Amino acid sequence: MDPGHEPGKGLYFADGKRKVDYVLVYQYRRPSSVHDSPGQHRLSVISNGSFPRVGSKEPEGVKEEHAEVVLDVGPADPAEGEKLMIREEFEANLREAGLEMERDNEHKVHGQGFIRVHAPWQVLSREAEFLKIKVPTKKVRKFPVPPYFIFLLSLLWISDTVSVSAPSDWYNIESKDTFFDNATRSRIVSRLSLILLAGMRGITTLIAKGVYDSAFPLHDVNIKSSCVFMQPELFLLFQLLHDEWARYGAFYKYQPVDLIRKYFGEKIGLYFAWLGVYTQLLALASLVGIIVFLYGCFTIDSNVPSLEMCDEKQNFTMCPLCDRACEYWHLSTACGTARASHLFDNPATVFFAIFMSLWAVMFLEHWKRRQNSLNYSWNMTGMEEEEVLNFSLSSLSLFIFFSQPGDEKLTWKDRMPGYFINISSILLMFGVTFAAVFGVIMYRITVSALLAMSPDAQIKSNVRVTVTATAVIINLVVILILDEIYGSVAVWLTELEIPKTETNFEERLILKAFLLKFMNAYAPIFYVAFFKGRFAGRPGDYVYIFNDYRMEECAPGGCLIELCIQLSIIMLGKQLIQNNVFEIAIPKLKKLFRTIKEKKMIPEEREEQAGRTLRQWHLDYNLEPFDGLTPEYMEMIIQFGFVSLFVASFPLAPLFALLNNVIEIRLDAKKFVTELRRPDAVRAKDIGIWYNILSGMGKFSVIINAFVISFTSDFIPRLVYQYMYSETGTMHGFIDHTLSYFNVSHFKEGTAPSGSTITVCRYKDYREPPWSGTPYQFSKHYWSVLAARLAFVILFQNLVMFMGLLVAWVIPDVPKNISEQLKREKTLLVDVFMNEEKEKLQLIQSLFSKEAAQPRQPQIQQSSLPQDASEPRLPLPNLTQTGDTTDVGASIPLSSRFRTRPRAASFSQFTRQASMSPRSDAGRHTAV
């Protein structure tokens, strides 16, 4: 194809009629070239991509007079020669499968070669039958009986291996070029390129080995180009997606899920449908979270515990926060922390935790209903799970590199080293995560001690806030770095297992990446929620790290406010930096890098590229490749954990998730439409393993929220005090009840502040005072609170689980209108089949009637065979051979003498041996 030729503008072959359904890209390099006429060399390029040998005739309609053709003298690198041979072999297989190909002339010594692939109607209809693709039929279909139909029936009886497809006049085929949309056409070509293996060489393997650089279908149009040379409906579809979906200004509109599915396929359509359902239900959770937060704001001035902490008259003198450098301090200085803690630690938080647990169940049930509705509207209800015939890209490359043609099948002993490396590597990554958390803990301890020794009173008063904020930021940076590392490690570990199919590869990769990223994102939060301050000890008997660093304690108002700060900063930081900035900035940087690289090109190559007409495949090749939906799902799954697992500590988490998702939907839409190559259209009935992960996290969130309310917040101690120990039945005196006494003379030598006259200090714990018979031992109040906490965990978990099951039972998986419609369709389908069977029986009866009316036909006796009452009775002729077998055989048509058992169930009654006649035991009967 001459570079100056422009018919089709990149969406069609050079003839302007055949669509480009798929594009293969490869890198070539040649040491030299010879220019000559196209008829003298084997590697001359013609429009369908074939290579005619010397003396062969060119295909009809292909004219390449005076065209410049390049003959390879031979690559200097033997590997390039091997790649060339593999490409020729693979492309020959594609042509044998019926695909048509077109390529450009290679004018340069090295560069990219583009091969366009077109699937003709015969290939599309054949593969559509294999893939069981549903297509629309005519509303009224007549069953014609042409003269040749009787002969066709006889052929069907002779052989049970003939498959007769439905006639083409059953379907609404207005144009063969538009009957299958572009997504279906590319999926068919992609399937052929995956299953046509030449010595274990599918397209994914060839890309892994460097034979091809990439393979992708074309976008219908590039929005930045002035090219609109295409079918109006295709341009309209792309324009609708670009203007009404991939635009930030359309954030308030519903997503055109049907158009997304039509353009990108069912798998991507389901992702955006799931994201839309998740975002819609987040609106309800956000509303309830805002109400809970406002309740805390309105009741903060009437909260008795915070008022007691802020009351300077009570003058609670607290023990030092660190050894030697820290002084005694008054509890009233933590007034701000106590008031802020009440915003999230109030009775409404318990209700919100229960609500969010039920919300998670409702979300999953609502998605199942939505998924079933989409399956029905997308004609996926009868789809069987497609067997994935190709290995994944990475596992195939490893299989080919490390196996020989004569290798036997891998056994569990062969796979054991890979599994051992997987388990040990995952444990090592867990250790890295814990080490990062421990490093941040050491930072908090040391910085707190250093700031406490500062002579500046302002710095000393804000030590806790400063240390907490900076430590969380460090945690966020570490999480972002380890996330990228763990993603690559998960891919490498999955490749070592050499999964058999792409589905297995994807599921194992998702599980590993989820485990690593889950631990990485939530490990700092779990530490603050359940471990911080639990093992710090008490004054006079503190726990030390490396014998020098004292374990940190929770704030006087409890660890819940620190958990809230930790959760909010990590959640918002991941959403703003990882989910949005990375997705926007990194593609822009890559595009800038390509621009700089083009400016540094050799002047001759730059002039040649500037003079070349850019086709759609050139524009799409410059886009970023599609890496799958795993990163997109992973972002939302981690966010779902922030929303559901620790929502009791941060009721505003659903609101921030909602704001993020409104932007995320349009950001992903813009990325898919304008910044990524068009992915292969993949059929899918559900979101796969992600649903199981969501379901597991929903159940896990019930347990986590129960422990957060019981052990992290002060909800249970307040209830115990109010109903067991308060003399007035109110919260007055609660702060004094939760503080224990300590005699400062019991400090270890060198740990107490010097120059102080204080004899007794207070610390938060339930322990006996120093003047009791068992000083500093846990008091009976401690055991009462602990029993109440454990009882609340059990009660909360069982109550929420029961209510979740009740919600799941109330909400049916399939909407009523769809279930009724499916029943009607099955009934109509049975009626259609029964009518067709009756018509076939009538045709067979008419056939036998014509045979009976022929002259010189032997007498035919009829025997009634047992039939089902629901089937129409048909007189069945039995040909009885009483004398000369040659005469009888001559009177029977040839198609009746060699009939085998037919495939149709309705024809089975004609295969029975009619040997029930008592008149002639020796006679033989032939059943027709």
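Cβ from N, Cα, C; glycine included.
Per TrEMBL, domain 'Anoctamin dimerisation' is recorded for 12-139 (among others). Computed over the domain 'Anoctamin dimerisation' (12-139), the whole-number mean pLDDT of the model equals 66.
Among the features that TrEMBL reports, region 'Disordered' is placed at 32-62 (among others).
The domain 'Anoctamin dimerisation' annotation in TrEMBL covers 168-257 (among others).
Taken from TrEMBL, the feature transmembrane segment covers 271-295 (among others). Beyond its flanks by at least six residues, the transmembrane segment (271-295) meets 254-255, 257, 260, 343-344, 346, 348-349, 351-352, 355-356, 359, 362-363, 366-367, 370-371, 374, 629, 632-633, 636, 640, 643, 647, 651-655, 657-658, 661-662, 664-665, 668-669, 687 of its own chain at Cβ-Cβ distances under 8 Å.
Look at TrEMBL and you will find 348-367 (among others) tagged as transmembrane segment.
If you look up TrEMBL, you'll see 388-406 (among others) marked as transmembrane segment.
Annotation comment: TrEMBL describes 418-443 (among others) as transmembrane segment. Cβ atoms under 8 Å from those of the transmembrane segment (418-443) belong to residues 470-471, 474-475, 478, 482, 486, 489, 493, 496-498, 512, 515-516, 519-520, 523-524, 527, 545, 549, 552 of the same chain, restricted to positions at least 6 beyond its ends.
Taken from TrEMBL, the feature transmembrane segment covers 509-530 (among others).
Under the heading transmembrane segment, TrEMBL lists 637-659 (among others).
Summarising the annotation, TrEMBL assigns transmembrane segment to 790-811 (among others).
Here TrEMBL flags 855-928 (among others) as region 'Disordered'.
Look at TrEMBL and you will find 856-867 (among others) tagged as compositional bias 'Polar residues'.
According to TrEMBL, the compositional bias 'Polar residues' annotation covers 906-918 (among others).
Counting residues 6+ beyond its ends, the transmembrane segment (509-530) has Cβ neighbours under 8 Å at 422, 426, 429-430, 433-434, 436-437, 440-441, 472, 475, 479, 482-483, 486-487, 489-491, 493-494, 559, 562-563, 566-567, 570, 574, 630, 633-634, 637-638, 641, 645-646, 649, 689-690, 693, 707-708, 711-712 in the same chain. If you look at the transmembrane segment (348-367), the same-chain residues 6 or more away from its ends with a CB under 8 A from one of its CBs are 274, 277-278, 281, 284-285, 288-289, 291-292, 295-296, 643-644, 647-648, 651, 654, 691, 694-695, 697-698, 701-702, 705-706, 708-709, 713, 715, 796, 799-800, 803-804, 807-808, 811, 813.
Listed by sequence, the residues of this chain that lie at least six past the ends of the transmembrane segment (637-659) yet keep a Cβ under 8 A from its Cβ atoms are 278-279, 282-283, 285-286, 288-290, 292-293, 344, 349-350, 352-353, 356-357, 359-360, 514, 517-518, 521-522, 525, 529, 560, 563-564, 567-568, 570-572, 574-575, 690, 693-694, 697-698, 700-701, 704-705, 708-709, 712-713.
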